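Read through the structure below, which is laid out as structure tokens, and then see the notes.
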Amino acid sequence: MSKRDFYEVLGVPKNASDDELKKAYRKLAMKYHPDRNQGDAAKPAEEKFKEAKEAYEILSDAQKRAAYDQYGHAGVDPNMRGGMGGAEGFGGFAEAFGDIFGDMFGGARGRGGRQVYRGNDLSYAMDVTLEEAAKGKEAQIRIPSWESCETCHGSGAKPGTSAKTCGTCQGSGTVQMRQGFFSVQQTCPHCRGTGKIIPEPCTACHGQGRVKKQKTLEVKIPAGIDDGMRIRSTGNGEPGTNGGPPGDLYIEIRIRKHDIFERDGDDLHCQVPVSFITAALGGEIEVPTLQGKAAIDIPEGTQAGKQFRLRGKGIKGVRASYPGDLYCHIIVETPVKLTEHQRKLLKELDESLKKGGAKHSPSTESWTDRLKSFFS
């Protein structure tokens, strides 16, 4: 099957400028890229993608474009003539999409064709108390950090020597690897994308140009921060490669288990034990809050599980306008290790209460009635 005209493939006139060619190619490549076309549309899209790639690689090269304009496909197809050299893999693709796909996959082109990479992000786990999380705090942390080697001033080469241009990639930092129909541009395995080879590495940094040290950072923990939240420290991650920007440091907050309170969002919960005498007769008890002590009036006849709400005694979250509440859950404590005299008094009380029936123990009486109905 005869090939379509390359200008027709890209949808541009024969006098199209380089910018018009690039714009047309980018539009087609984005439309027919394999990642965007799945299922039944995958095969036709792949053919369109290859066709557009080949057309752009020929027309974006001044020498190949001139040969194509004069001789047509025969001027650029090595299978149709003695070999003027065909398309060179993804060269045109990388040129047209370097700024898009480079960012997507973490790499970009620096000057001289060297791969520029953003540094990796780092993570740090910080333990704080509930009180510190509620009020906020400033803290110092020490993290491992890569710094420029003082011996070689970051060059990686032994003092008095210098790095040489990589002979494998000719300083570009990348090599062409053919995979079936495609030629894929990959990081040079010899120089690892730096474009340079160091014949005599610096003994202090072993040719890396940087050494690992401990760095102290001031961290501000905002009031109301919750467990699992992260604080980003911009630019304090690992340094980039070949002049790339550094990554970020993410500090993950872990709130230690508290002896009294449990946090639920901006609210706090605590279990408050009271004696069965206080629960029966009522009274005032003292409970702790993050702001200090508070009093609760226990009404007469309070049952286990009763919940008392203290408004505004919780935590004001990072994005909240008002603080949460404190919920006190009552636990009626049963006395233990009774003396004989105490046992006698309780038995007398029990007999007296039984005579009152539902008057004194409505829940027990109701439960007894339901049991009788169930077994009848």
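A Cβ is built for glycine as well, from the same backbone N, Cα and C atoms used for every other residue.
Noted in Swiss-Prot for the protein shown:
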BINDING   C149, C152, C202, C205  Zn(2+) 1 binding site
BINDING   C166, C169, C188, C191  Zn(2+) 2 binding site
COMPBIAS  367-376  compositional bias 'Basic and acidic residues'
REGION    227-246  region 'Disordered'
REGION    354-376  region 'Disordered'
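Feature annotations (Swiss-Prot) mapped to structure.
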residue	record	Cβ contacts under 8 Å, 6 or more apart
C149	Zn(2+) 1 binding site	G156, C202, A204, C205, Q208, G209, R210, V211
C152	Zn(2+) 1 binding site	K158, P159, C202, A204, C205, G209
C166	Zn(2+) 2 binding site	G173, C188, H190, C191, T194, G195, K196, I197
C169	Zn(2+) 2 binding site	V175, C188, H190, C191, G195
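Look at the region 'Disordered' (227-246): DSSP puts its residues at 0 helix, 5 strand, 15 coil.
The Zn(2+) 2 site is set by C166, C169, C188, C191; from the centre of their CB atoms, other residues of the chain with a CB within 8 Å are G167, T168, Q170, G171, S172, G173, T174, V175, P189, H190, R192, G193, T194, G195, K196, I197. Here the compositional bias 'Basic and acidic residues' (367-376) is broken down by DSSP into helix, strand and coil counts: 9 helix, 0 strand, 1 coil.
Taking the centroid of the Cβ atoms of C149, C152, C202, C205 as the Zn(2+) 1 site, the other same-chain residues with Cβ within 8 Å of it are E150, T151, H153, G154, S155, G156, A157, P201, T203, A204, H206, G207, Q208, G209, R210, V211.
Other Cβ atoms within 10 Å of the Cβ of C191 (Zn(2+) 2 binding site), summed over all protein chains shown, number 24. Packing around C188 (Zn(2+) 2 binding site) is summarised by its Cβ count: 21 other Cβ atoms lie within 10 angstroms of its Cβ, all protein chains included.
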